[in-house]
Amino acid sequence: MRLLIKNGRVLDPAQGIDGRMDLLIEDGKIAALSEHCDERADLCYDAGGKLVAPGLVDMHVHLRDPGQTHKEDIITGTAAAAAGGVTSLVCMPNTAPAIDSAETVSYILERARWGSARVYPCGAITKGLRGEELCDYKSLRAAGAVAVSDDGRPVEDEGMFERAVKRAAEAGLLTISHCEDLKIIDGGIINKGAVSEQLGVRGMDRESEDSITAREISVAERTGRHVHIAHVSTRGSVELLRRAKARGVPVSGETGPHYFTLTERELLRRDANWRMNPPLREEADRLAVIEGLRDGTLEAIATDHAPHTPAEKADFLSAPNGIVGLETSFLLGYTNLVKTGLLPLRRLVELMSLSPARLLGLPAGTLAVGANADLAVFDLEREVTVDPERFRSKARNTPFAGTALFGPCVLTVCGGRIVYQRQR
């Protein structure tokens, strides 16, 4: 099918393009990009000056499939992704069974053939995420994995983690670390500080994140192999990454929209939809995360999309951590970072598409002729109110319900196929 998107504001950081252009798609690829395209097409979409950007790349998503499909599955998760403008995502390995074998990777990729976005599995660092025995990384890579992580927990043994980093790099896999020292956390459920004291609940000391971040940086420096730090939430970890990158250590970091929009004060309402892992921190941490995005210390925005059922989230103290985010990530970034003047739009698009694609070595993040026809159209002038009942995800656990935000996705194309179109 030939699809022509006309009169869009095409923004592609990879090519340095930002201007009114037409874009022709044919056979799943970008066939032409010019100021005026008169080619015939089977379908013509008038973008009317709206933003046309590379499809977003979310490098941290929990699809819960296999084994936890009452929360989410590959079909509903990728539908949620498409509704948010995400055309490529990395699914994390804490499933049941864990993504620790070629067979599980193959299962995910087979299911993803029927989805609305490209799915790239992240394999486990250790078998069963138990931290005892390293997985066969070459087998995972051959099956289609693009990274490894024991996300949800760190690899506690530093020597084992160092061996994992070396072997993963040899297999062509990025190592992604969940930086939390479980001994320091010791059962904490929110950030340790004034709010945890006021609520009378056990808190997570920020040192739990900073200490493992420092350890992973040390491993990257010793080995010369790339380590990526997931969901950075503290000013200490931002500064550790900044200093490491300044001296040439091969490290990178991501953060989530909730860390640059919310603080621990939200938890005073005792609602588990504001609980995630790492937890919301203090205002100084929120500002440090934003500065990390501004100066390049943090290289990607990823949602850590973590679906749970309403019943699971009902009790503040016993609820599992995590929030959904695929359908709100661009809205939050545009409203809180671009409209406020903290980031240029080009930088936001880079953080959410080109940069994560480059970190992972994915064929995504650009609208260059010949590239995969993965793109999203956003209406930057339109304000919408977040309504979880309209989510494509199975889950509703968002702290942003009722929040007015700008920049909804109105059209998503993946592989030349329209996978989402906003109806109103």
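Heads up, the Cβ atoms here are built off N, Cα and C, so glycines get one too.
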With HIS178, HIS231 listed by TrEMBL as binding Zn(2+) 2, identify the candidate in ASP151, ASP157, ASP205 belonging to that site. ASP151
May I ask you to find which of ASP285, ASP295, ASP304 TrEMBL records for the Zn(2+) 1 site already listed with HIS60, HIS62, ASP151? ASP304
I'm validating the feature mapping. Which of 337-357, 400-420 is tagged transmembrane segment in TrEMBL? 400-420
Long-range Cβ list for HIS178 (Zn(2+) 2 binding site), cut-off under 8 Å, min separation 6+ in sequence, same chain only, gives SER149, ASP150, ASP151, GLY152, ARG153, PRO154, ALA230, HIS231
Given the transmembrane segment (400-420), its same-chain partners at Cβ distance under 8 Å and 6+ residues beyond its ends are 1, 3, 5, 25-29, 45, 47, 50-51, 55, 79, 82-87, 116-118, 273, 328, 330-332, 334-335, 339, 372-388
Same chain, |i - j| six or more, Cβ under 8 Å of HIS60 (Zn(2+) 1 binding site); the result in sequence order is VAL90, MET92, ASP151, ILE176, ALA230, HIS231, GLU254, GLY256, ALA302, THR303, ASP304, HIS305
Take the mean position of the Cβ atoms of HIS60, HIS62, ASP151, ASP304, the recorded Zn(2+) 1 site. Which other residues of that chain put their Cβ within 8 Å of it? VAL61, MET92, GLY152, ALA230, HIS231, ALA302, THR303, HIS305, ALA306
Distant-in-sequence Cβ neighbours of LEU63 (substrate binding site), under 8 Å, six or more positions away: GLU72, ASP73, ILE74, GLY77, THR78, LEU89, CYS91, THR95, ILE108, VAL119
